[in-house]
Amino acid sequence: MAMNFVTFNQDYSYLAVGSVSPPSATSKGFRIFTTDPFAKSYETKEGNIAIIEMLFSTSLVALILSPRRLQITNTKRQSTICELTFPTTVLAVRLNRKRLVIVLEDQIYLYDIQTMKLLYTIQTSPNPNAICALSPSSDNCYLAYPLPQKAPPSSFNPPSHTPPGTTHVSPTSGEVLIFDTLKLEAINVIEAHRSPLACITLNSDGTLLATASDKGTIIRVFSVPDGHKLYQFRRGSMPSRIFSMSFNTTSTLLCVSSSTETIHLFKLSHPTSSPDTSPSSPVGRDRSLSQSSSGYSPDRGDLTGDVGSSDFPARKHNGTLMGMIRRTSQNVGSTVAAKVGGYLPKGVSEMWEPTRDFAWFKLPKPSQTSGGSGNNGPLRSVVAMSSNTPQVMVVTSDGNFYVFSIDLSKGGEGTLTKQYSVLESNDRLGYSVTDY
């Protein structure tokens, strides 16, 4: 079995895995799992699934079975509700209780999910990576996507982390357009980054937007719909591809995964609070390097890679005198920075903002026998946070489902507590490989 697509539902209570296989093989279709406890809920071996999206905990699923064909299915009744064919390849599907969104490379279709009536068609600039987010909320029913450009960029340099010999297509811009899918009108444009967007996500209430550019060093969080910047975090100093971002259900934490295979959690506390008292992460120590640069600008992380490495080995605080002095100086420095920053112009004061992650953990190295997509590239991952316990759930492209526990009071390095496989095709499907 080859895993072709993986996604969580809107409240992270279910996980869906779509698979493809050669015509001679029998392992294809899709599977749906409950996440807590982890168990198989539904399975079908029909069809090569390119995309699957669930509607909360209902039996309604949206499937892309061929590049241009959408099928809405009721898994409980084993029936097809409707089928739609589009002029070009469907790149992404988003849905909530009010709207169904179909993303093509240069168009977005909006449907009333109750009647499947086409409500609106949005013309976009080329968006081959299907960068788009729909709020799960039925009240704040906002859609976010890259702002269309009037003309394509005259020149574009691919990011340094793009593998040699590959074609890198730039998204439209670093600006995000907020569209009200109930009123069917654009309501705001958020200037998120100078570099092209790589990943965006909305929280469960539709009141917060997280963004990352293709540099992957800076993560920003804005209020929706007014577009005020509330937080600015540094993931690391070296460029990296952001694979997934997810708020927890209470919007107090933001989880980010990237090609470094380190998962970062950022705390959405009051903007004036300082997270520097939390244990240092592998990338947190790079912050002093980037902030001491005399040529610092607010978007420096978007424009160039800072000196340093984002993969220092993690280490705990030591109990020596020098260790105590170091921690004390960090706390004093953050307090002074907060006060001094208030007297500086906005563009300069941003260098003083607290940007360290609150918690982090490193994904285990994939085994040689792992299944997955068969891709020899970086280990891709999708992240979500449990609504019931302080845990982070991660699904990787090699077919593993990990559960990490985090300390909400202290932060620091998370602990791997459970590991499952989503690729087994026999009765042991979803069995616990490891239960720590």
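Using the three backbone atoms N, Cα and C, a Cβ is placed for every residue, glycine included.
Record features (Swiss-Prot):
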{"type": "COMPBIAS", "residues": "269-282", "note": "compositional bias 'Low complexity'"}
{"type": "REGION", "residues": "268-315", "note": "region 'Disordered'"}
{"type": "REPEAT", "residues": "192-232", "note": "repeat 'WD 1'"}
{"type": "REPEAT", "residues": "237-276", "note": "repeat 'WD 2'"}
{"type": "REPEAT", "residues": "374-414", "note": "repeat 'WD 3'"}
{"type": "MOTIF", "residues": "233-237", "note": "motif 'L/FRRG motif'"}
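With helix defined as DSSP H, G or I and strand as E or B, the repeat 'WD 1' (192-232) counts 0 helix, 22 strand, 19 coil. DSSP labels the residues of the repeat 'WD 3' (374-414) in these numbers: 0 helix, 19 strand, 22 coil. The helix, strand and coil residue counts that DSSP assigns across the repeat 'WD 2' (237-276) are 2 helix, 18 strand, 20 coil.
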